[in-house]
Amino acid sequence: MKWLRLQDLPTDNSFAALPAEFYTRLQPRPPAAPRLLHANAEAAALIGLDPAEFSTQAFLDVFSGHAPLPGGDTLAAVYSGHQFGVWAGQLGEVRGPAGGWELQLKGAGMTPYSRMGDGRAVLRSSVREYLASEAMHGLGIPTTRSLALVVSDDPVMRETVETAAVVTRMAPSFVRFGSFEHWSARRQPEQLRVLADYVIDRFYPECRVAGAGRLDGEHGEILGLLAAVTRRTALLMADWQAVGFCHGVMNTDNMSILGLTLDYGPYGFMDTFQLGHICNHSDSEGRYAWNRQPSVGLWNLYRLASSLHTLAPDPEALRAVLDGYEAVFTQAFHGRMAGKLGLPQFLPEDETLLDDLLQLMHQQGADFTLAFRRLGEAVRGQRQPFEDSFIDRAAAGAWYDRLAARHASDGRAAQARAAAMDEVNPLYVLRNHLAEQAIRAAARGDAGEIDILLKLLRNPYKHQPGYDAYAGLAPDWAAGLEVSCSS
């Protein structure tokens, strides 16, 4: 790869070619006296940026918001959305282009769309976002990426007084379901059409082609777009469920039109498994609980379809597209869980086997990640660690006997089966207490824990000697950790 200096990055900003109503050009209002806490060489490679640039003043200036990318525009993009099921109106974000990716500076100050917010992000939430996107990428789940984390001593008032930070995140596009909702709510079909054409041409060109992504009928391109987004969203929900990930704030403005995991706020990877686990303590009704995420994904797609109705005024056709969501999700989820259970395919009778395991884990508070990881050890003949994951070891053993009988029916060698299971059952996930340790170190100016976590989370399925503490159960002190929408 030919590495580029910051000043040489290509800055083809296709979003800025949209009509002026879609954004406002601005100078960010970032925190004072910024310091670079961490930069991500893997993410920099995606845009060809030389990691040697991390040590330059220009890098700090750009990714703190004190200077634009050379030759690029800094834009505040407008969108809207439903938050906790209620229409929230106009929102916005700061972004710019680089190397075919959009870069977004979260915490770089207010925009014309900020409403009552202050445009700031805090260290706590910024460290969590920086780590989470890389953790999800390591797990093989579609996600935005993190490029840089800049900190400042500027005070920011949240539930307590915290310090400011700016995290730069990357994606091919930050267009959201709420981007379409914005123009639909304002009854501006021309802008809605412009946005749909932009998304189709750049990311779903197959929707222009009959027999590829374009569906039959007068509005085949728009229906094809909805079908493609529906499929990606269903697959993403299956990915989340399979690793015990709770997003926490699945508002329509946090739903990517590309099927990426977007906006890491009060998320969590489950420790003790609960079917109705709520990771966001602001979610008093449990709207975004773990077991509700797939249905919320579909609810959000209905909001997107409603926004597209002006362009495809055929309710039955729109509904027919959305009716395909459940089958895609179920097939994908069952496929992922088959791998976690060491099954070559998921048969109808395996649904009871899976449901019984999840109920047993729920009733006995088993650790989601470790229980599945230890199944591989059980297949190798070491059943005790798996059974020790449950209070009632006999019940766990009885369930495992059923799985072993199912394994015997396909004749696969135990070592090959266990190795395949290890490739889909992670050993390391970003547990809240690990993120908290990194936050506390970062508050002292120490990025060492971030380095360790990135090392582990980039290879979450492989045991890495010397880091067993990062794969263990959460310590007692972590029981009181809470995350919320306060970032």
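Sequential numbering from 1, following the chain as shown.
Using the three backbone atoms N, Cα and C, a Cβ is placed for every residue, glycine included.
Going by Swiss-Prot, these are the annotated features:
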- GLY92, ARG95, LYS106, ASP118, GLY119, ARG169, ARG176, ASP263: ATP binding site (BINDING)
- ASP253: active site, proton acceptor (ACT_SITE)
- ASN254, ASP263: Mg(2+) binding site (BINDING)
*Per-residue Cβ crowding (10 Å cut-off), top of binding-site residues GLY92, GLY119*: GLY92
*Once near-sequence residues are set aside, which residues in the chain of ASP263 (ATP binding site), 6 or more away, have Cβ atoms under 8 Å from its Cβ?*
VAL249, ASP253, ASN254
*Fewest other CB within 10 angstroms, which one of the binding-site residues LYS106, ARG169, ARG176?*
LYS106
_Using a 10 Å radius around its CB, how many other CB atoms surround ASP253 (active site, proton acceptor)?_
23
*Three states by DSSP: which one describes ASN254 (Mg(2+) binding site)?*
helix
_Is it possible to get the count of other C-beta atoms within 10 angstroms of the C-beta of ASN254 (Mg(2+) binding site)?_
20
*Taking DSSP three-state, what's GLY119 (ATP binding site) in: helix, strand or coil?*
coil
*Provide the three-state secondary structure of ARG169 (ATP binding site) computed with DSSP.*
strand
_Coarse DSSP state, helix versus strand versus coil, of ASP263 (ATP binding site)_ = coil
